[in-house]
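Pulled from TrEMBL:
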- 35-51: transmembrane segment (TRANSMEM)
- 71-222: domain 'Peptidase S54 rhomboid' (DOMAIN)
- 72-95: transmembrane segment (TRANSMEM)
- 115-138: transmembrane segment (TRANSMEM)
- 145-164: transmembrane segment (TRANSMEM)
- 176-197: transmembrane segment (TRANSMEM)
- 204-222: transmembrane segment (TRANSMEM)
- 228-245: transmembrane segment (TRANSMEM)
Amino acid sequence: MLTEELQIDLLRQREESKGLLQMGKPLFYEIMEKPATSCIIGICSAIWFYIQKKNIGYSHVGLSYEAAIEGHHWRIITSAFSHISVLHLAFNMSALWSLGVVEQLGHMGLGVAYYLQYTLVLVVLSGLLVLGMYHILIQRFKVDYFRRVTAVGYSCVVFGWMTILSVKQPSSKLDLFGFLSLPISFAPFESLIFTSIIVPQASFLGHLSGIIVGYSIAWGLIHGMNNFWAISMLGWIVLIFMFSLKRSGAYDFNFLEIESVTDPSLPSVRFLGNGRTLQMSALPLEGVEVV
C-alpha cells in the first residue's frame, strides 16, 4: 500500500516525464492534441492583426459600464477576444497554450468538449460579473471612476482555467513563454498579484471575476453543461450579439429591419388633449416584413 506522499511523488515524476516527452514533439502534434486551444489562439491573433490593420482603438471593442448601459451588450464578446498590445496578446496566449492541457484530461472528466463548453460559460459569466462589480462600486459606493474603465483581453478566461486546473489537477504547472514555470495550485493568485504590480493598467476586477467563476465551476456550483446546453447558449449569444449590435447602431443588419405598419383600416385610439393618434396593430402580421 503506497503512502500518500509516495503517490504524490510518483504522480509528479510522471507529469515531469510527460512534459519532457512533449517538449520533444513537433509543434504540429501539439496543435493536434490541443485543437480547441489552437483555434482560440488563432482567432485572438487574427482579431489582433485586424485591429492593428484597421487602427481600431480599445474603446471601440472594449467592455465598459457606460457602454453596457447604452445597450452595447455585444462588447462582452468582442472585449474577451480583443487585444490591443502585442505583449498583452503574447502573455495571454502563452498562458492559454499551457492551460490547453485540459483538453488532454478526458480521463479525469475534462477533455475537449468540457473545455469548449465551459470556455463559453467563462466568457459570458466573467463579463457579466465584471459589469455587476462595476455597478455595485458606482451605485453603492459612488466610485465614478469605474464608469470610464474599459476592459479588453482574454485574461478573464485564462484566470478561470488557471483556477479550474488548480483544483482539478493541483500537481500541474503553468508554463509562460517556454521558460517561466509556476505551480498551478498558486498560479491564479500569484498571477493576479504579479500583473497588478507589474502592469498597473491590468484589470484587477476582470482577473478576479475569472477566478470567481473558475472556482464556481471547479467546485461544482456551476455544472450540468453538455453539448445541448452549450449549443443552445451559443445560439442565444449570437442572437443577442446581433440585435445589440443593430440596436446600439454599431452595425446595421439590413436583413433584421422590420418595417413599420401604416394601415388606415386598423382601429385607432385618440388621446384627448393633444391630437396624437396611436395606431393599434395587434391584428394580422401581414405588414411585418423581414428584409
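The backbone N, Cα and C atoms fix where each Cβ goes, and this holds for glycine too.
Predicted automatically and left uncurated, TrEMBL annotations should be read as such.
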| Do the transmembrane segment (72-95) and the transmembrane segment (204-222) come close, with at least three CB pairs under 8 A (pairs 6 or more apart in sequence)? | no
| field | Two-stretch contact, the transmembrane segment (145-164) and the transmembrane segment (228-245), at least three Cβ pairs under 8 Å | value | no
| field | Among the ranges 35-51, 115-138, 228-245, the one whose Cβ pairs under 8 Å to the transmembrane segment (204-222) are most numerous | value | 115-138
| So what's near the transmembrane segment (228-245) in sequence-distant terms, Cβ-Cβ under 8 Å and 6+ beyond its ends? | 71-74, 77, 116-117, 120-121, 124, 251, 253, 256
| task | Would you kindly list the residues that approach the transmembrane segment (115-138) from elsewhere in its chain, counting only those six or more residues past its ends and only Cβ-Cβ distances under 8 Å? | result | 36-37, 40, 63, 65, 68, 76-77, 79-80, 100, 102-103, 144, 146-147, 149, 151, 156-157, 160-161, 164, 203, 205-206, 208-210, 212-214, 216-217, 222, 225-227, 229-230, 233-234, 237
